[in-house]
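Each remark here refers to the structure printed beneath this line.
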Amino acid sequence: MASVLEDPTLERCFKGHKDAVTCADFSPSHKQLATGSNDKNLMIWNLNPKARAFRFVGHKDIITAVHFSPSGDLVASASRDKTVRLWAPNIKGESTVFKAHTATVRSVSFSSDGQRLVTGSDDKSVKVWSVHRQKFIYSLNQHTNWVRCVRFSPDGRLVASCGDDRTVRLWDTSTHQCINTFSDYGGPATFVDFNASGTCIASSGADNTLKIWDIRTNKLIQHYQVHSAAINGFSFHPSGNYLISGSSDSTVKILDLLEGRLIYTLHGHKGPVLAVAFSRDGHLFASGGADSQVLMWKTNFDLLNYREVLSSHSKRVTPDPPPHLTDIYPRSPHRHHTQNGTVEVSAQTTDNFSIVTMSSGRAGGVPGYRDRPGTSRASASTYTHAYEEQEEDEEEESPGLGVTYLLDERSGLPPAFRSTLEHIVQQLDILTQTVAVLEERLTLTEDKLKECLDNQAVILQTPLKMKSASGNL
């Protein structure tokens with residue numbers, strides 16, 4: 001039988017902030033965690049228990065957002081003092097200041113190449129900056145109220161923004177134009193982000209909802225209403241299979257996006273949870289709250305090595321390829337073993353944070369990607385039923401036979417028919433890669449043609465200049 005995957009566990013509780021923790025981000029090296037707070041301080045927590053934490057002082061008002069650069073040698077922080085600072089996350093704590101906006105800066109994020117920053121502000125604007133030149137590049141202006149959150153797409157071609165005007169907007173970074181607007185919100189849109197493949201965006205709202213949109217078809221594909229208060233932030237697992245969200249209802253919830261359902265509710269904070277973040281390898285996640293605490297959790301519920309997955313993705317034919325269909329429509333069975341709906345976990349930490357209660361409301365009533373292409377809705381009332389336990393003879397199967405048996409049992413499809421479907425999906429996958437290669441070659445051809453036309457224009461202008469010069473003589 002396959003090994004049983006464990007529930008999330010509380011690893012550490014960091015205490016150092018004197019006010020609410022508003023934002024958090026892990027370093028790419030998985031050695032540091034940055035958090036910002038209403039106490040105006042930026043903390044860099046070293047994940048090695050024996051190493052000291054760094055407290056950076058410089059902002060004159062509440063810190064609203066933090067983000068590590070892809071290389072990990074810089075940390076960007078945004079503040080209500082209308083500035084953005086770039087810090088070196090070491091003992092020196094040197095920083096550079098951007099006088100970014102004319103009002104509170106709510107969000108800051110690096111592009112995947114680390115060359116650009118994007119910021120969003122209460123002055124209703126989204127701005128893009130050069131990191132190395134430390135200069136403003138351009139502004140995106142169509143929001144009619146405060147901009148709460150901004151993010152670059154993984155390939156840097158798009159920017160997503162959301163705000164109090166109840167809209168989520170997609171911007172083309174080459175034309176600086178708004179190319180799409182999602183406005184199906186009953187209140188301010190509080191947070192937005194791309195999944196790892198860049199094919200979908202998720203957005204949360206003050207109306208307690210979390211929505212996932214496919215930006216290729218502009219369709220809402222999943223809709224969750226599992227919190228009882230506003231969602232303040234969320235984070236995608238690097239696999240794209242899970243998502244964590246933090247809410248003013250004092251809980252952190254973990255969603256399985258493949259099954260389209262809530263799988264865990266974590267109770268650890270005394271008050272609203274204002275920030276959540278997965279580490280870049282997905283092994284850890286952090287939460288920060290109004291109780292001034294930063295809790296670091298070990299994921300446990302998915303043991304796949306996503307470094308290998310991401311490295312294999314980076315070896316595809318094109319620099320910025322579209323995702324495989326298997327990224328969007330996974331065919332493997334869900335690996336969680338069935339269990340009762342409530343899990344009690346006692347977690348001992350070095351910071352005297354003794355007991356954490358986690359309830360995992362697991363139910364099978366919500367269709368996900370694999371059931372139908374439309375919207376899957378998951379409400380808090382849905383998660384009141386527990387799965388029935390598997391029969392003993394199922395658990396005694398060998399790993400290979402057990403997986404095959406469960407897949408056939410859950411799908412209800414004959415093996416031959418399922419094999420045919422898999423073959424079709426694989427062929428579509430190859431076709432997707434072929435189209436991507438052709439698109440890339442077409443782009444290169446267009447660039448070459450433009451270069452030839454420019455050279456031709458220069459050649460045609462040269463005799464005219466020579467003739468004009470001889471006439472002057």
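Placement of Cβ uses the backbone N, Cα and C atoms for every residue, glycine included.
Annotation source TrEMBL lists coiled coil at 421-455. Averaged over the coiled coil (421-455), the predicted model reaches a pLDDT of 75.
According to TrEMBL, the compositional bias 'Acidic residues' annotation covers 389-398.
Feature annotation from TrEMBL assigns region 'Disordered' to 362-399.
Within its own chain, the repeat 'WD' (14-48) is flanked in space by residues 54-68, 70-72, 75, 77, 79, 85, 87, 89, 233, 271-272, 274-281, 283-284, 286-296, 351, which lie at least six positions past its ends and keep a Cβ under 8 Å from the stretch. Residues or ranges marked as repeat 'WD' in TrEMBL: 14-48 (among others).
Annotated repeat 'WD' per TrEMBL: 56-87 (among others), in sequence order. Listed as Cβ neighbours of the repeat 'WD' (56-87) (distance under 8 Å, sequence separation of 6 or more from its ends, same chain) are residues 22-29, 32, 34-38, 40-44, 93-110, 112-114, 117, 119, 121, 129, 131, 134.
Here the repeat 'WD' (98-139) has long-range neighbours at 61, 64-71, 74, 76-80, 82-86, 145-152, 154-156, 159, 161, 163, 171, 173, 176, meaning same-chain residues at least 6 beyond its ends whose C-beta is under 8 angstroms from one of its own. Feature annotation from TrEMBL assigns repeat 'WD' to 98-139 (among others).
Feature annotation from TrEMBL assigns repeat 'WD' to 140-181 (among others). For the repeat 'WD' (140-181), the DSSP counts in helix, strand and coil order read 0 helix, 23 strand, 19 coil.
Annotation comment: TrEMBL describes 182-223 (among others) as repeat 'WD'.
Look at TrEMBL and you will find 224-265 (among others) tagged as repeat 'WD'.
Non-local neighbours of the repeat 'WD' (266-298) in the same chain are 8-28, 30, 33, 35, 37, 43, 45, 47, 229, 232-239, 244-254, 306-307, 353, 356-359; each lies 6+ residues outside the stretch with a CB under 8 Å from one of its CB atoms. According to TrEMBL, the repeat 'WD' annotation covers 266-298 (among others).
Long-range contacts of the repeat 'WD' (140-181) within its own chain (CB-CB distance under 8 A, at least 6 residues past either end) are made by residues 103-104, 106-113, 116, 118-122, 124-128, 187-194, 196-198, 201, 203, 205, 213, 215, 218, 320.
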